[in-house]
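These notes are about the structure you will find just below.
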Amino acid sequence: HLLKFNKMIKFETRKNAIPFYAFYGCYCGWGGRXXXXXXXXXCCFVHDCCYGKXXXXXXXWDLYPYXXXSGYLTCGKGTWCEEQICECDRVAAECLRRSLSTYKYGYMFYPDSRCRGPSETC
């Protein structure tokens, strides 16, 4: 669920998904193409692949239970789809935290027209 994913990103990075990640590079936000431009964009690419493997796009709107305590995110019990989407979001938020030192403000609001080259494959 996008609102829950935003909260996970905020918990891990102390940055709001909008504006910092919603349009970052070639893969953060809706869709994605070409090569992942930076470590944070790779986190978004892997997140897109995870969503693709886990469930249909409709599952991305499922509300899932999770907890943030003692510096860690944990997914709670839910339907199979909710648990899969929660794990995709949790892993991506942790990846974004690990890539904070390589965050490039020049990739914020990156235009799709600059996303060139062959697309990554999952």
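The backbone N, Cα and C atoms fix where each Cβ goes, and this holds for glycine too.
Feature annotation from Swiss-Prot assigns disulfide bond to C26-C115 (among others); the stated evidence is similarity to another entry. Classification of C26 (disulfide bond) by DSSP places it in coil, neither helical nor stranded. With a cut-off of 8 Å between CB atoms and residues at least 6 apart in sequence, the same chain places G32, R33, X34, X35, X36, X37, X41, Y110, D112, R114, C115 near C26 (disulfide bond), listed in sequence order.
Within 10 Å of the C-beta of Y27 (Ca(2+) binding site) we count 28 further C-beta atoms, all protein chains included. Feature annotation from Swiss-Prot assigns Ca(2+) binding site to Y27, G29, G31, D48.
In the three-state DSSP scheme, C44 (disulfide bond) falls into the helix class. Its Cβ placed at the centre, C44 (disulfide bond) has 24 other Cβ atoms within 10 Å. According to Swiss-Prot, the disulfide bond annotation covers C28-C44 (among others).
According to Swiss-Prot, the disulfide bond annotation covers C43-C95 (among others). Taking Cβ-Cβ distances under 8 Å and a sequence separation of 6 or more, the neighbours of C95 (disulfide bond) in its chain are X42, C43, V46, H47.
The active site feature in Swiss-Prot is assigned to H47 (among others). Counting every protein chain shown, 21 other Cβ atoms lie within 10 Å of the Cβ of H47 (active site).
The disulfide bond annotation in Swiss-Prot covers C49-C122 (among others) and rests on similarity to another entry. Sequence-distant neighbours of C122 (disulfide bond) (same chain, six or more apart, CB under 8 Å from its CB) are D48, C49, G52, K53, listed in sequence order.
What Swiss-Prot lists as disulfide bond is C50-C88 (among others), and the listing cites similarity to another entry. The DSSP secondary structure for C50 (disulfide bond) is helix. Annotation for C50 (disulfide bond): spatial neighbours E87, C88, V91, A92, criterion Cβ-Cβ under 8 Å with sequence separation of six or more.
Residues or ranges marked as disulfide bond by Swiss-Prot: C75-C86 (among others). Cβ neighbour count for C75 (disulfide bond): 20 (other Cβ atoms within 10 Å of its Cβ, all protein chains included).
Under the three-state DSSP scheme, D89 (active site) falls in the helix class. Around D89 (active site), the same-chain residues six or more apart in sequence whose CB sits under 8 Å from its CB are H1, K4, F5, M8, H47, listed in sequence order. Residues or ranges marked as active site in Swiss-Prot (evidence: similarity to another entry): D89 (among others).
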Spatially closest candidate among Y27, C28, G29, G31, C44, the listed recorded positions, to C75 (disulfide bond) (Cα to Cα): C44
Packing count at G31 (Ca(2+) binding site) (other Cβ atoms within 10 Å of its Cβ): 9
For C86 (disulfide bond): intrachain residues, at least 6 apart, with Cβ closer than 8 Å: K4, Y64, P65, Y66, C75, G76, G78
Proximal residue to C44 (disulfide bond) among binding-site residues Y27, G29, G31 (C-alpha distance): Y27
